[in-house]
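Asks: One structure is given below, represented as C-alpha cells, and several questions about it will come after.
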Amino acid sequence: MRRRCGGGAAAVRRRRGDPPIVIASLLVHDNYKLLLYFIRPQAKLILHWGYPAETHRVQTEDGYVITLFRVPWGRGGGSGASPEPGADPKPVVFLQHGLLQTADQWTMRGPDRDLPFLLADLGFDVWMGNFRGSAYGRRHAYLSPKSQKFWDFGWHENAVYDLSAMIDYVSAVTGQASMHYVGHSMGTTTLFVLLAERPEYNRRIRGAFMLAPVVHFTYTWGPLAVARDTLANLASQRLIGEAFPRGSGNACRGALQLCSAVYNAAGGFSPGEFNMTLFRVLVGHFPAGSSLGQLTHYLQVMVTGEFKKYDYGEKENLIRYGQPKPPEYNLNNVVAPVYLNYAEGDPFSPAKDVQRLAEEVPGVRKLLKVPLEDFGHTDHLYAIHSYELEYKPIIDIMLDDIVR
C-alpha cells in the first residue's frame, strides 16, 4: 500500500507575485473507503474509479480559496504506475472546466473514457482546476458567499486571478516549469484572456488544447442566438450575484426527458453519442454555480461582436481603463502552442468563428475538427465515442511533444 500526505496551511499574507498559499492537500490510496467522509465529492468520484486522488486548495491574490484535484498516477503498472523514489517527474496536464461546471465534468464516466484517467494511465500527472463561484470555489479569506461583493466577478477575474494562481501552484508542487493544458468552453476563454493579459504565462504552456473554444459568436444559431437577441438590453446592465448554484439540477429529477431535450437543444448534440444514463448522473453535478458577471460578459461579447473586457458603463470604464469603452483583449499576445478542437454542431463555438479565431491567434498550430457533423458543445466531454473522435489525436500530440 502506498500513502502520502500533504502539509497544512502557510500562515503568511500573500503579496502580489508570491506563489499561491497551500491551504490543504491530501492523497489517499488503497484504503480510500475509510477516508471518504473527509474528502470532497470530486475526490470521491476519482477514488470510485480506482485512482489515487489528491485535494489541494489555493488562495488567489484577491482572497478566493479554490480547490484543485490531482490524479498523480494511473492504475496498475506500466508508465502510469506510482513513481519510484528519485524517478524523473511526470509530465503535467492541467484541465479546466467550462461555465456552470466544475472539475467533476472530467471524471463521470470512468477508466478508458474520461480524459484524466486516460492520461494518468499513460504516465501523466493530471490536475483539474476549479473557478471561484463554482461548488469548489465558494470560500474567501474574508467574504461570505452570502454577500453580494463575493459575486462581483466575471471570467476576466477567473482568468487573471484564478487560473494564474492555479498554474503557479501546480508548477510549485510538481517542479515543472510548463504543462499541457486542456480547457473546455469557458476554460478556453479564460486561457486566452490570461495569455493576452499576462503574456509571461505563454512560456508555462507546452500545448493548449481548446475544446469548443469560446471567443466569438457571430455565426451562432438556435436558442443561443434567440437569447442573445432577446436579452440584448441586459448587456448594458451591471448585474452582481449568483446564478444557477449546485442543486439547481435537482429540479430535473422528475423531468429528465424534458431537461435533456432543453439541454441538448441549447448546446447541440449527436443522438448517437448521447447517454441518458450519464445524464441522470450529470444533473446531480450541473449546473454547479456561476456569477451573473460571467453570463453578462458573454452576453456583451455576443451583442457587440467584440472580444473585449467587461463593459461597466462609460463612467466606470474611464476609472478602470482610462477610456470610455472597454479595451479589446490582445490575442496577438497568445503565442503558446494552441490546438483548436471544434465541431460543426456546436452553437457556442461555431466553426466559422473558430476559423476566425485561428487567424487572430499567432500560437495556433492546428485546427482539430471532430469528424461528426452534429457533434455538440458538451459532446466534447460526454460523447460515447469521445476517445476515438477527439481524445486520441490530443493524446498523440502530447506524447509526441514529451518524447522530443
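Positions of Cβ are set from backbone N, Cα and C atoms, glycine also.
Quick paste of what TrEMBL says about this protein:
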type     : residues : note
DOMAIN   : 44-109   : domain 'Partial AB-hydrolase lipase'
ACT_SITE : Ser185   : active site, nucleophile
ACT_SITE : Asp346   : active site, charge relay system
ACT_SITE : His377   : active site, charge relay system
Asks: Taking the Cβ of Ser185 (active site, nucleophile) as the centre, how many other Cβ atoms fall within a 10 Å radius?
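Replies: So the number of other Cβ atoms within 10 Å of Ser185 (active site, nucleophile) is 27.
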Asks: How many of the residues that make up the domain 'Partial AB-hydrolase lipase' (44-109) does DSSP mark as helix, as strand and as coil?
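Replies: Computed counts for the domain 'Partial AB-hydrolase lipase' (44-109) are 12 helix, 20 strand, 34 coil.
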Asks: Including all protein chains shown, what's the count of other C-beta atoms within 10 A of the C-beta of Asp346 (active site, charge relay system)?
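Replies: Total other Cβ atoms inside 10 Å, all chains included: 28.
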Asks: Measuring Cα to Cα, how many Å separate Asp346 (active site, charge relay system) from His377 (active site, charge relay system)?
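Replies: Their Cα atoms are separated by 5 Å.
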